[in-house]
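Asker: Below is the structure I would like to discuss, written out as structure tokens.
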């Protein structure tokens, strides 16, 4: 069914336009693409009037084409249409074109009652005379969806969802400047699908070029949707799904769009999204991709379980828990490993990812977050045992720093740093491990702040409480310890632990630079970006996993700057405490979190084990706790091999 604002008296003229539409090659391109498994056909149209697009879509539907993208733009008296239809099988769908809000809402409600789901929505005009175009499909996989039009503020959409997790399928901004309206469509987010949506408002307009740069600085991220307002403000949506090669173009005239479609066709890339603005001299935004739909994810397990009487049962149980968690939380990469007396008895690596991502191996290294602190505590243990330090050593005087802003700083001891009682409270002030860029800006410094400079900065600030009177978790404590260790030993902290702590285990610095991580098989997944701490003068944002969080991992190595495999962590626990100084301590654990990683290490009665993910952006902290303290941790259920 096609519903239109056109009167029935115009029906005959609409139907007679089929040949007229075909006579405007600049406004449509019917394309055939060669594929390894055959060919597919696609129709891209733009600049069509209501009668033209009605005739076009009726014929396309009759010929087996389905909607990939649909857009209405221009004035209400001269609305234009752009769209992409692809020849393929699929669920039943219905389309509406050029309807006012009353007609559109009635159509939407009627089809929703019949089990249809809104998949495309577009609007043009003002709040009182807006015209709408849309598609509804019978999509069994979408149980719940919410679409709200006529919003004055796009952020009010969250109120309509009543905290129900949604991923945004489409946005249409219409109306005049200072009188803007928004139509937003969301589908229920059942698998923690990650995306970023950048709404444009009159009080906060975002530069699309900068957004494109920053969002695509995250590995595998790309634009998946762009809306154009009549004054050419792009509203983009980005995500980390995979479609092979892709290209994004904006601000194209009709002739430039025609040339771009031809150029991308020559590269075997085809249009997957189109939006327009204006009735005359229209401008277009278009996205091209190698694959029409995102690649499906595949579940892969590598590694072995060798140290139990029922290895197959252990492997099956581990795999089931991890598969359920990773699929529900959209986690792509993970490892679990267990050791007894330093010998690995189980190591499993899990991948829930597209074919363009690496399959995780047991030897791959993940970021450890605060699990890195185990190595700082072990190094401190060495120096305590050798008499080079003691628990009561006053840290700042030992470093030759005797005139702090707060005299209480002189009383901070090694034990205070180990026990998180040194006087630093990250609930009162920002976490010191993540203020490298802030310090540089405060000092008008264009070079990255070193750990020594950070220590000097903190030394010049008042404490939050008297050392020893309270305990608040502190990244700065182990950062200061790592500096103290380097000062005492005369070598870098990294060098010292490799020579004196690791005993050949494969642990290394996790570099901050995105360039140094570009080919890392383990992707530090996050949707967040900001300006890089390692380049304070930069005006380009980067992934928070690459310094956008304000940290420099090279300088914070003693707190959260290392990476290793889960197997390595489980082996290290054979001789070292998980959370304290000294040798192995049963029934203790350490939990680490940093952008792009979540890690857990625990010593039980006989088993030492570790679990690591390549993201911390899962559904909730409760889900994480249910994972690490749930069945995956119940190693006592399985008898060890004799």
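Cβ atoms are placed via backbone N, Cα and C, with glycine included.
Per Swiss-Prot, the feature signal peptide maps to 1-23. The N-linked glycosylation site annotation in Swiss-Prot covers 37, 100, 159, 341, 390, 407, 444, 487, 494. As annotated by Swiss-Prot, disulfide bond applies to 149-183. The active site feature in Swiss-Prot is assigned to 370; the stated evidence is a curator's inference.
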Asker: Can you tell me whether DSSP puts residue 159 (N-linked glycosylation site) in helix, strand or coil?
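Answerer: The three-state answer is helix.
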Asker: Considering Cα atoms only, can you say which of 100, 159, 494 is the nearest neighbour of residue 341 (N-linked glycosylation site) among these glycosylation sites?
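Answerer: The smallest Cα gap between residue 341 (N-linked glycosylation site) and any of the glycosylation sites is with 494.
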Asker: Which secondary structure state does DSSP assign to residue 149 (disulfide bond), in the simple three-class scheme?
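Answerer: In the DSSP reduction, residue 149 (disulfide bond) maps to strand.
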Asker: Restricting the comparison to the recorded positions 100, 149, 159, 370, 444, which residue's C-alpha is spatially nearest the C-alpha of residue 494 (N-linked glycosylation site)?
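Answerer: That would be 370, nearest by Cα distance.
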Asker: What's the CA-CA gap between residue 390 (N-linked glycosylation site) and residue 487 (N-linked glycosylation site) in angstrom, rounded?
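Answerer: Cα-Cα distance, residue 390 (N-linked glycosylation site) to residue 487 (N-linked glycosylation site): 15 Å.
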Asker: Compute the C-alpha separation of residue 407 (N-linked glycosylation site) from residue 487 (N-linked glycosylation site), stating it in Å without decimals.
Answerer: 22
Asker: If you measure residue 159 (N-linked glycosylation site) to residue 149 (disulfide bond) at Cα, how many Å is it?
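Answerer: Residue 159 (N-linked glycosylation site) to residue 149 (disulfide bond), Cα-Cα distance: 13 Å.
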Asker: When neighbour density is defined as the number of other C-beta atoms within 10 angstroms of a residue's C-beta, which of the glycosylation sites 100, 407, 487 has the lowest density?
Answerer: 407
Asker: Fewest neighbouring Cβ atoms within 10 Å: which of the glycosylation sites 444, 494?
Answerer: 444
